[in-house]
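Enquirer: Residues or ranges marked as active site, proton donor/acceptor in Swiss-Prot: ASP96, LYS185. If you look up Swiss-Prot, you'll see LYS157 marked as active site, schiff-base intermediate with acetaldehyde.
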Amino acid sequence: MAIPANEIDLARYLEHSLLHPAATEAQVKECCEAAVQFDFPAVCLYPTAIKTARDFLHQRPIQICSVVGFPAGAHTTATKLYEAQEAVENGATELDVMLNLAFVKMGESEKLYQEVAQIVELTKVPIKGILETALLTDTEKRLAAEICLDAGVSYLKTSTGWFGGTTVADVKLLYGITKGRIGIKAAGGIKTVDQAIALIQAGATRLGTSRSIKIMQEREQVSDNPTW
């Protein structure tokens, strides 16, 4: 049964993302400050920003997520392993790992499994496997999701946002596969309260967005005059 909209604490779902390639150190600090202000569970950043976030968020209960193989996933396994390990050493407490979609398209299930499982085993931190759902058929989404489950990921992430946004249909599909065993991070094009609520009601447990502040401001504005 879907969570009633007026009972959803939006802030605890929002993973505040700063994945613009030209983001400055000052903007990284602003991202982290917003996470503190709104009590977001995590920030999601490029590997080069992890040390800055670690120092800024020192001893605060906010997860620091680094992307790996982002945004295309077309890196060698050795490169992804190095990038993942370095990110953790620099302070990342979670990793969003872009899958090698060619493995999915070619049905190379064992190669995909081995890559993801090695990252899970090496880093010992929660891994979110990014499916890039806009580029996959439903059959391919199911295959990738099941391989990620077997490999030990903690979340499935719908999208990077670079090749198309997340949809309620995709979240429902992934939730039907996972059945609550792991989390689902919806990401890509989430800009409004209505979008956020619909995705949560579909089964998302995290929402990755650069619009977290605007969403919270919108929620505060409409809270006195709810339309749900």
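Glycine is treated like the rest: Cβ placed from N, Cα and C.
Note that the coordinates shown come from a computational prediction; the quantities given were computed from them, not determined experimentally.
Burial and contacts for the listed features, if you can.
Expert: Counting Cβ atoms from all protein chains shown, ASP96 (active site, proton donor/acceptor) has 28 others lying within 10 Å of its own Cβ.
Residue environment of LYS157 (active site, schiff-base intermediate with acetaldehyde) contains 32 other Cβ atoms, counted within 10 Å of its Cβ in all protein chains.
Within 10 Å of the C-beta of LYS185 (active site, proton donor/acceptor) there are 29 other C-beta atoms, taking all protein chains into account.
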